[in-house]
Each structure stands twice: as C-alpha cells, then as structure tokens.
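Peer 1: My questions will all concern the structure given below.
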Amino acid sequence: MSPEPPLLSVLQLLLWHSALWMVQEATPLGSASSLPQSFLLKCLEQVRKIQADGAALQDRLCATHKLCHPQELMLLGHSLGIPQPLLSSCSSQALQLTGCLSQLHSGLLLYQGLLQALAGISPELAPTLDMLQLDVTDFATNIWQQMEDLGVAPVVQPTHGPMPTFASAFQRRAGGVLVASNLQRFLELAYRGLRYLAEP
C-alpha cells in the first residue's frame with residue numbers, strides 16, 4: 001500500500017488545525033482580561049448611580065401619585081407595550097464578552113428612548129427624570145467607547161426602535177414606575193455580569 005494517502009491526511013489535518021487556529025485568533029474577544037480595570041470600576045459606579053436615580057424616581061411617583069406597586073401595574077405595562085431588553089450574554093454561566101457589551105449598550109439605548117418618551121411626566125419629577133436620562137446616556141457612551149477600543153463596535157451605532165406613546169398623564173406616570181422598575185432589574189443583571197468580569 002502506498003504511503004501517500006496517510007501523509008496527505010496528516011497534511012490536511014495540519015492545514016485544518018492551522019486554519020481553525022487563525023479563525024480563533026480573529027474571533028472577537030471573549031476574555032474578561034481584555035477589559036481595563038478602570039473601565040469596569042467606572043461601569044460599576046455608573047450602575048450604582050443610575051440605580052439611585054431610578055429609586056428616587058420610583059419614590060417620588062409613590063409619594064406624590066401613590067403609584068407604589070410595580071407588580072400591580074404590570075398588566076398596564078403589557079397594554080402600553082413597554083419593551084424589556086435581554087442581557088443573556090452577561091450571565092456568569094454563558095458569559096460572552098462581546099455579546100455582553102453589545103446587549104448592555106442596546107439595553108441602555110432602549111432605556112434612553114423610554115425615558116425620553118416619559119418627558120412631561122410632571123414638573124416636580126422633571127429634574128429627577130433628566131438626571132436619570134443623562135446618567136443612562138453617559139453609561140451607554142462609556143460602553144460604546146470600550147467596544148470601539150476593543151474593535152468590536154458595529155460600523156454604525158445602533159438606535160432604539162419605536163417607543164410606546166403615553167396617551168394620558170396617568171399612563172405616563174404608571175409608565176415611569178414600570179420603566180424605573182424594569183431598569184433596576186436590568187442593572188442588577190448588568191452589575192452581576194460586570195462584577196464577574198472584574199474578578200481577577
């Protein structure tokens with residue numbers, strides 16, 4: 001039997017492994033070590049700041065307008081069409097760095113749009129809402145800059161889709177409670193993912 005076929009198989013296998021190694025080298029980063037510690041610490045700080053802003057908005061809506069139970073407003077949330085973003089790539093079980101940053105950025109853009117849709121909620125709540133919106137925008141910008149630094153940002157920055165319209169003052173205030181409540185849950189997941197990434 002001629003020795004050529006086995007040799008050919010070995011060469012093909014080596015070429016295949018070499019091609020696979022090159023593909024893996026070119027794959028977007030999947031390691032937490034790619035992220036600067038200063039970026040992660042700033043993110044954790046921004047999460048805490050937004051959580052405080054969101055809690056302040058909920059407290060004011062509860063104290064002023066007696067909208068104190070997000071669970072009771074959930075049905076209204078479905079009829080208002082308030083979307084909720086995913087953060088599945090940030091869970092410690094299925095952590096994927098590029099996907100996590102991308103989902104985090106998309107989610108923050110969505111909340112940016114939802115907070116804009118709440119504009120005119122009430123004069124006394126306007127400063128709290130403005131601060132929350134500003135902090136969410138800053139956090140989204142921070143994530144985007146890091147994606148650009150890693151070379152994983154899309155060519156065109158994504159935008160949020162159509163936002164719900166609030167037909168009455170009550171709907172806007174109820175929407176405010178739901179958006180703030182959903183944002184808190186989103187940030188809790190983000191915080192856990194970022195803490196996991198920040199671990200040495």
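Indices start at 1 and increase along the chain as displayed.
Placed from the backbone N, Cα and C atoms, the Cβ positions cover glycine too.
Unlike curated entries, TrEMBL annotations are predicted automatically.
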Peer 1: According to TrEMBL, Cys90 takes part in a disulfide bond; indicate which of Cys68, Cys100 is its partner.
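Peer 2: That would be Cys100, the partner TrEMBL lists for Cys90.
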Peer 1: For the C-alpha pair, I'd like the distance in angstrom between Cys100 (disulfide bond) and Cys68 (disulfide bond), rounded off.
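Peer 2: Approximately 32 Å lies between the Cα of Cys100 (disulfide bond) and that of Cys68 (disulfide bond).
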Peer 1: Taking only the Cα atoms, work out how far Cys62 (disulfide bond) lies from Cys90 (disulfide bond), in Å, as a whole number.
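Peer 2: Approximately 31 Å lies between the Cα of Cys62 (disulfide bond) and that of Cys90 (disulfide bond).
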Peer 1: Do me a favour and check the Cα-Cα span between Cys90 (disulfide bond) and Cys68 (disulfide bond); whole Å is fine.
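Peer 2: On Cα coordinates alone, these residues lie 30 Å apart.
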